[in-house]
């Protein structure tokens, strides 16, 4: 006979514990949720997110900056046409900077194809380009004679190495986490909007509240 009050208290306590979650669901504003969902869908229709667009701009900057340094190096050595013919047509691994320029072109093509055109959401492409860049530059610095050719023997390999690792850091710590966070927010908002639609199926109009006509006395 004493178990009934205990069961009643347990049921009452469980109902009380569930009240905050119900209040949280009822406090959701469906208009705000729909605005968040629509804004996310608009961003998806735009193609790529803002942070990914910034990454693609930095990859483009990498190519243009290395190209600019290479053109300056060609002018310093005695004219673009003469030095270009020497470094491209008479390519020498130990003294030419043309391969560093091609390395920047390689990074640009792979990263733009992977993260702008294919919209890849994984780090394997940037890991591949950074590994190739690092291995090639280390081998070139050790084997070649770049350090005996003046300041550009230091500047071009170091700048190329640093830019490749900045791209890796930016994608791994900024682009991918921020996009994953935005996607999780979208899923949470979509789930909350569905719950709100179930709890609030619609606002009753004034026509649904009416009083029956008064009956005739004595009928």
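Any Cβ shown, glycine's included, is placed from N, Cα and C.
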Of 123-145, 192-214, which span is tagged transmembrane segment by TrEMBL?
123-145
TrEMBL annotation (transmembrane segment) - matching range among 33-53, 96-116:
96-116
What parts of the chain pack near the transmembrane segment (96-116), using Cβ distances under 8 Å and only residues at least 6 beyond its ends?
48, 52, 55-56, 59-60, 62-63, 66-67, 70, 73, 86-88, 125-126, 128-129, 132-133, 136-137, 140, 146, 152, 156-157, 160, 164, 167, 171, 175
